[in-house]
Amino acid sequence: MLIPPINLHAWIEEHRHLLKPPVGNKCIQQDGFIIMIVGGPNARTDYHYDEGPEWFFQLEGEMVLKVQDDGVARDIPIRAGEIFLLPPRVPHSPQRAAGSIGIVIERVRLPHEQDGLQWYCPQCNHKLYEAMFPLKNIETDFPPVFDHFYRSLALRTCSQCGHLHPAPERYAAVED
């Protein structure tokens, strides 16, 4: 049975209150493609690794897509009305401004593929930690990996320069 068309503007207005921290992300379809509406602000310090491409369409406001490009950290600004196709296997960290709303489309993962979350030292860009896992549900699979990294001083301390990667406030009292 075919799913009827979704009035995207009406959907956003009806669900705008859900497109805010701490999650800010709502999946509207998962049949062949994962289609998400994402709102800002956010303050992610992780980089997502996806075996497939990701398509970004910025509807309202602006975002910066931080990427690791051949070992170099780069910023790619994406403004309202702009689209960007991120190639497969490029670590990326979406930074969304307050009040911004965008669409992200990813393909459903193939059975053998794994997603990853990576963290890099903000001082010297050395990779601090990487976790690879089969992604089933982006809203429930990411938080345990975030918890593992942010609760560990050892994982957050750069072996190259000694800098301690910052953790969100909610982790301040639970560090090892």
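Using N, Cα and C of the backbone, Cβ positions are placed for all residues, glycine too.
From a predicted model like this one, the values you see are computed outputs, not experimental measurements.
Residues or ranges marked as O2 binding site in Swiss-Prot: Arg44. Among the features that Swiss-Prot reports, Fe cation 1 binding site is placed at His48, Glu54, His92. Residues annotated as substrate binding site in Swiss-Prot: Glu54, Arg96, Glu106. The Fe cation 2 binding site feature in Swiss-Prot is assigned to Cys121, Cys124, Cys158, Cys161; the stated evidence is sequence analysis.
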I'm trying to understand the geometry here, so how far is the Cα atom of Cys158 (Fe cation 2 binding site) from the Cα atom of His48 (Fe cation 1 binding site), in Å to the nearest whole number? 19
Rank the binding-site residues Arg44, His48, His92, Arg96 by the number of other Cβ atoms within 10 Å of each Cβ and report the first-ranked residue. Arg96
Rounded to the nearest Å, what's the C-alpha distance separating Glu106 (substrate binding site) and Glu54 (Fe cation 1 binding site)? Just drop the number here, would you? 5
By a three-class reduction of DSSP, Arg96 (substrate binding site) is assigned strand
Quick check for the class: what is the C-alpha distance, in angstrom and rounded, between Cys124 (Fe cation 2 binding site) and His92 (Fe cation 1 binding site)? 17
Counting only residues outside His48, Glu54, His92 in the same chain, those with C-beta within 8 angstroms of the Fe cation 1 site's C-beta centroid are Tyr47, Tyr49, Asp50, Leu65, Leu86, Val90, Pro91, Ser93, Pro94
Spacing of the two Cα atoms, His48 (Fe cation 1 binding site) and Cys121 (Fe cation 2 binding site), in whole angstrom, works out to 15
Distance check, please: Cα of the residue listed as 'O2 binding site' against Cα of Cys121 (Fe cation 2 binding site), rounded to an integer number of angstrom. 13
